[in-house]
Amino acid sequence: MSSFRSIPGTGDHGDDQFPDIKEITKPFNQALTIIIVATIVALLIKVFFIAYVCRLCRERLGRESSDSVCPETQSITLNMDKFLNEMEKEKPSRFTSQQLRIATDNFTNLLGSGGFGTVYKGIFSNGTMVAVKVLHGDSDKRIEEQFMAEVSTIGRVHHVNLVRLYGFCFDLNLRALVYEYMVNGSFDKFLFGEDKKLGFQQLQAIALGTAKGIAYLHEECQQRIIHYDIKPGNILLDANFLPKVADFGLAKLCNREKTHVTMTRGRGTPGHAAPELWMPYPITHKCDVYSFGMLLFEIIGKRRTLI
């Protein structure tokens, strides 16, 4: 039994001859930990370096792409802004009374006056020349009727032979309509004036242009528009003597399904208005055709229609 106790590792005496395994592996574990940490740190540094390089490359490519694309993008943006501005101009704008007072120099340049308003010449800051028609009447209701008739008709249509409505003002102290300015004024001055004569070709072109404008109102608008007051004084001429039908203060919108319209009172100018406009009978858009016929008589004879 005593011989077995002398065998290494078989008794208490063996523990004194061999060190503990933990003491042997401790330096190895420390070295392994250092290696792992160093490897991770190196990988992180490498990853950050690669990310930094990629970022620099992207920024460089982005600048190059921006340099090549920006002009085109800027051009597209400018074109779109111009397009939207043009579209905005297609519908009537609302002006303040102060804007119109400035444009007309406080309504000092008188162009003319009639039964429904007084017209003044004006110019906006962008150089656009306009004719400002200040509405007046015997009652606020009558003014509102004129205003609504003009805006609801000429304000929604565009044709080369119809005067263009730029906008309006409906303040408490001013009710006005803003039209394009027609350099040569109304047709009647050239037709009946002593010192202003037009040749046959010009008269023919004015008659045809007026007919095209009336036909557009009757046949090509979504809702038929009856003017009710076709006459030389309501035909305006631009710098090239292109005729434009104007003054829609009596105009009325009509559904195409309705063949006749009932009027509550007479409309039009005596000598030009169709007889049915002064009678309590239903009327049609052909009353404008009658007035155009009277206009042709005046063009041919170069004299006013006798009442």
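Cβ atoms here come from the backbone N, Cα and C positions, even for glycine.
All annotation found in TrEMBL is predicted automatically rather than curated by experts.
Annotated in TrEMBL:
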type	residues	note
BINDING	Lys133	ATP binding site
DOMAIN	105-307	domain 'Protein kinase'
TRANSMEM	31-54	transmembrane segment
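With a cut-off of 8 Å between Cβ atoms, none of the residues of this chain six or more beyond the transmembrane segment (31-54) come close. In the predicted model, the domain 'Protein kinase' (105-307) shows an average pLDDT of 88. Secondary structure from DSSP puts the residue listed as 'ATP binding site' in a beta strand.
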